[in-house]
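The disulfide bond annotation in TrEMBL covers Cys109-Cys118, Cys138-Cys147, Cys235-Cys244. TrEMBL lists 88-119, 120-148, 214-245 with the feature domain 'EGF-like'. What TrEMBL records for 1-24 is signal peptide.
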Amino acid sequence: MRSSTIVVVALVFVAIISQHSSVATPTKPPVCSDATCCGQTSCIPCRYGSATQYCRGLVFYVFRLFDDAASCSGYSGSPYDGYGCTVPADKCPCVNGGTCDGPYNSCQCKGGWMGETCSECLCQNSGTCDGPDGACQCKSGFTGERCQTPPPAPPPPPPSSCSAATCCSTSSCIQCDNNGTTVSCFGTDYFGGYSYAIYSNPNCQSANRFSQCPSDVCLCQNGGTCDGPGGTCQCKGGWTGERCTIQPPCSAALCCGTDICVSCDNSNTYCRGINDKDIGNDPSTRSRFGLAGLGVHDRYFGVFNCPYACSFGGDGLRGGRSLNASTLTTLSLDDNEIGHIGAQLLGNALRHNTTLITLNLRQNNIGDAGAQCLGDALRHNTTLTTLNIQQNAIGDAGAQYLGDALRRNMALTTLSLKWNHIGNLGAQYLGDALKYNTILITLNLSYNEIGAVGAHYFGDALEHNTTLTTLDLSVNEIGHVGAQDFGNALRLNKTLTTLDLERNQIGHYGAQYLTLTTLRVQRSRIQDVGVQYLCDALRHNTTLTALHLDWNQIGHTAAQYLGYTLGHNTTLTTLSFDDNGIGNVGAQHFGNALRHNTTLTTLSLEQNQIRHVGAQDLGDALRHNTTLTTLNLSYNGIGDVGAQYLGDALRHNMTLTTLNLQYNIMGDVAAQYLGDALRHNMTLTTLNLNDNGIGDVGAQHFGNALRHNTTLTTLHLDWTQIGHAGAQYFCDGLSQNTSLTTLSFDNNGIGDVGAQHFGNAIRHNTTLTTLSLEENQIGDVGAQYLGDALRHNTTLTILRFDRNKIGNVGAQYFVDALRHNTTLTLLDLYWGWETNDALREINELVERNRRGRAS
């Protein structure tokens, strides 16, 4: 396991209150000529109808097209849909006092408000934002500007001895599990006021530690009740055992894991499931999920004949033998509403199963009771390594059962509890379990409610745990106080390599504590000061390899810190810095860093207001850089001039393999620069140019490039205003290309004529395996051209054709083609039909091909 060196910078408290100016009322735009265009820099002729000029710009992070006659202050019309040039009605829908700022119309929020429209509250620990000013109204004794400070804790009471069954001052006395006479005292551990602890009798088992005495000290299950302070379970309904966990047998026939037996009309006994739905005696339906006798069918547990169902391995799942007898290794029952009874059936099976290694039960509403069943099973199971029970309404009680299981389980390595209702008490149970567990390596608790107190428990656990490598606690309101606990823990922990704290409002206070190998702090408002703390740590850190700082209100000042740091850092390989508004100045700092850095391989600067000047700095850097392989500059508006700089860089760069330039206000001139670069570049494999005004002329440049390029394998040209004429130019090059395997050409309106050109291309091309032509106004005639081509093509495996205009006639062409074609394994035609008959036959033929390839 890779060791990590954690550098924690001393705490510096700096208060930053951002002041934002309001946006001036937009004025009527000039007529589009040269480079004056509604405040933007590019004029493009309208694609449909007349040759009216329009402006292409960014409005609320989305490209829109503006007619030159529209009034920028009127906002007439609806958003551009491909058939007209109009202006959206609301360019910056800020709420709660937020104001628009800058040409990208991003909302600048006040007080505790945050998010794209200032609709998310930053207050921690269940605090609420009060009105447009966003002042935090704190609850439950929490204080501070963001309700981040826990209530003060009184000192814990001194330990005292118990006698008989009397109660010590503030709590109850119970009898130890391992001692029939000695009585122990349960006091309150006042850290946060959330837990119980034993203060006397060190022989008491830890199982009693978190019981709230005396009502549930014995943790009885299946309706059992606790008998007095001694903690003896009184079981009901035939259940037996110390905790009422031993299932009662059914009379007549064993009931396959359920506890209700009902007599059939013919006096045979059968088992009743959740929905009393008869699924018949077809063994193929009973074993649909590989669990003969379980009765899981079409999202229901059903009524089944017990002797028949139990014939699949003794008594079905009551003893777990039917699952145990199988060779099943992976079971996925996502979104099947199995509930806690279904979890009980699976739990019974897992006690004895020796083959299943992956179980996915996402979104099944198993609740705390279901978590208890699975937790009990995990105590005995020795093979399951991956368990996904996210979105199951599991709370603190369920976390307690799972925590108890993790203390004893010796097989589970991955556990996902995302999107449940686990709070700080549940975090305590799980955190304590991690102190003893030596197997688990990945734990996902994102989108729960652990807060700063829960973060403390996990921080404490990490000081002892030596196996966990990945911990996801995103969206848990841990705040900077929780981040401090993690920072302190990471000084001692040498195994955790990935920590995700996205959207936890750790702020710049919390940012200074965190460095390891992978750090995710997106949407955490760490701002420039927080980046400075991280950079100070990175100068000395020798383990951090991935850093994600997207959506953090960071500007070019922070880019300067990072740029300087990257120039000297020798370990960071991935940096994601999306949506931070660094602009051309920030791009210059990153460019300077890339000239000297020798380790960074992936850099994402999506949506950062970088224009052609910033693209020039980055392009110049790429001429010299020899390590960067992936660069994302989408949503930046670099334009044709910026494309020229990048194209020139691609002629000389020998390492970049992936370049994303989606939404960058580029036209056919940019296509010329990039197309010419592709003639000479020998390393780029993936290029994304979606949502740019490439047009027919630009398509010709790329067609010419494909004739000569031998390395590009993936090209995205969706929404690029290429018509059937451009499709002809492009397809001429595609016919001769020998490297492209994936081409996306959606939403270009090429029609039947364009489909004819693509049909001719795939008759001759021998490398393309995936082609997407969705929403291209292709009708039955175009389907005929493509169908005829598929009769002869032997390499294409995926054809996506959604949202075109084919009917029964066009569908039949594809049916005829597939009767001869044996390589196509996916044909996506689900929108735009008159009947499903042809669709069914197409699916059957495609499935035949898929089975043929599998064999």
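Any Cβ shown, glycine's included, is placed from N, Cα and C.
Unlike curated records, TrEMBL annotations are generated automatically.
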Problem - Cys147 (disulfide bond) and Cys109 (disulfide bond), Cα-Cα, nearest whole angstrom - result: 18
Problem - Averaged pLDDT score, the domain 'EGF-like' (214-245) - result: 67
Fill in the blank from the handout: As a whole number of Å, the Cα atom of Cys118 (disulfide bond) is distant from the Cα atom of Cys147 (disulfide bond) by 19
Handout entry: DSSP helix/strand/coil residue counts for the domain 'EGF-like' (120-148)
Key = 0 helix, 9 strand, 20 coil
Exercise for the section: Would you count the other CB atoms within 10 A of the CB of Cys109 (disulfide bond), including those on all shown protein chains? Expected result: 27
Problem - Local backbone state of Cys235 (disulfide bond), from DSSP in three classes - result: coil
Exercise for the section: Tally every other Cβ atom lying within 10 Å of the Cβ atom of Cys244 (disulfide bond). Expected result: 22
Completion exercise
Checking the disulfide-bonded residues Cys118, Cys138, Cys147 for other Cβ atoms within 10 Å of each Cβ, the smallest tally belongs to Cys138
Fill in the blank from the handout: All chains considered, the count of other Cβ atoms within 10 Å of the Cβ of Cys235 (disulfide bond) is 20
